Amino acid sequence: MNWDDTASDTTQGQPGAPGERLVAPSADREDQAVEAALRPKDLAEFVGQERVREQLSLVLRAARQRGASADHVLLSGAPGLGKTTLSMIIAAEMNAPIRITSGPAIQHAGDLAAILSSLTEGEVLFLDEIHRMSRPAEEMLYMAMEDFRVDVIVGKGPGATAIPLELPPFTLVGATTRAGLLPPPLRDRFGFTAHMEFYAPAELERVLHRSARLLDVPLEAEGAAEIAGRSRGTPRIANRLLRRVRDFAQVKADGVITKEVAARALDIYEVDARGLDRLDRAVLEALLKLFGGGPVGLSTLAVAVGEESETVEEVAEPFLVREGLLARTPRGRIATPAAWAHLGLAAPQRGLFGQP
Ligand SMILES: Nc1ncnc2c1ncn2[C@@H]1O[C@H](COP(=O)(O)OP(=O)(O)OP(=O)(O)O)[C@@H](O)[C@H]1O
């Protein structure tokens, strides 16, 4: 098979700036366009998250038996793990319509009142990034969740009056990256809270096989394993990598995604066997090769890789820490023995107190 000229025609615009990263967990425009087609439609189709699925299935079945709307549900977890998908499944399982909005879109209590007052009985309201709602809207939500009622304030100053507005029973599904970001009074008003975990490689393989079937892409078991291992525990990233590998398989091979095709394609896109991309590797390499594994301060490390401190701290480090390759200590960033091993370098011998 001839792989020769691949690097020159497939790396255009990849992966440089954080927004363009192939391994970014948040959705880009292409993801948004194709994700609807790949979303599982019911709980049985939703891969992994066994405990959440089991608990949610009980909550929904009990509500259906009572003929009532389901309890409010809070979903916490990193981007791309399936919170939006799950909210749509909740609506589908309850045979109810769904309204989708997000915290940042609700800046005034009036915005929320308008949405709440137009809900129909049993409707599911999905509020993404619920921790980013404005304070007055948040307070209005407390009452809406508990009593299915809001007070709409009319007028200003001493003449202002509160007009109570009855709401039909609805189910709020709130999503947040961290439940700890929510004020306790809001958190307490959810009847069911689910924390979504990163997916195991075998689960991502199932996600990939399902997506490949829907996209009509021939995917071998070992090809799926290769992509899953590089997908950072995140279905959205797995699906995105699958699309890039499919392009490669189509242009440079016979269309079938084998282990070799997947590895070769993702090497070209600089997503390594553990899911690190160019920026992650640059940070790790600087830490090991320039600073002997640390400790080194964040700003020094950032200058060494030619990035802003925030980019290193918010874009590269969380995954490196999660993978156990880098640790943040009061004295600075340090590499773990796994980091040396991952880059194929020998770790220096250290003295009792960490000095080389
Ligand atoms: N458990 C799963 N099984 C199969 N596919 C999944 C699963 N979870 C997520 N996906 C796929 O990953 C994509 C991203 O999922 P989704 O949009 O629900 O993530 P999210 O957690 O809401 O992300 P964000 O926080 O960025 O909105 C979807 O297209 C969906 O197809």
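Cβ coordinates are placed from backbone N, Cα and C, and glycine is handled just like the others.
If you check TrEMBL, you get these features:
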type	residues	note
BINDING	L38, R39, G80, K83, T84, T85, E146, D147, F148, R189, Y199, R236	ATP binding site
BINDING	T84	Mg(2+) binding site
BINDING	R328, R333	DNA binding site
DOMAIN	69-200	domain 'AAA+ ATPase'
REGION	1-33	region 'Disordered'
REGION	19-199	region 'Large ATPase domain (RuvB-L)'
REGION	200-270	region 'Small ATPAse domain (RuvB-S)'
REGION	273-356	region 'Head domain (RuvB-H)'
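Proximity of E146 (ATP binding site) to non-local residues of its own chain (separation of 6 or more, Cβ distance below 8 Å) is seen for R189, given in sequence order.
Among the binding-site residues F148, Y199, the residue whose Cβ has the fewest other Cβ atoms within 10 Å is F148. Residues of the region 'Small ATPAse domain (RuvB-S)' (200-270) grouped by DSSP class, helix first, strand second and coil last, total 52 helix, 2 strand, 17 coil. Cα separation, Y199 (ATP binding site) to R328 (DNA binding site), rounded: 24 Å. L38 (ATP binding site) sits 39 Å from R333 (DNA binding site), taking the Cα positions as reference.
Of the listed binding-site residues, namely R328, R333, the sparsest Cβ surroundings within 10 Å are found at R328. With a CB cut-off of under 6 A applied against ligand 1, the binding-site residues G80, T84, E146, Y199, R328 are reduced to G80, T84.
Maximum intra-site Cα distance, ATP binding residues L38, R39, G80, K83, T84, T85, E146, D147, F148, R189, Y199, R236: 37 Å. Reduced to three states, the DSSP call for R333 (DNA binding site) is strand. Nearest to R333 (DNA binding site) in space, judged by Cα atoms and limited to the binding-site residues G80, T84, F148, is G80. Cα separation, G80 (ATP binding site) to R328 (DNA binding site), rounded: 25 Å. Taken as a whole, the domain 'AAA+ ATPase' (69-200) shows an average pLDDT of 93 in this prediction.
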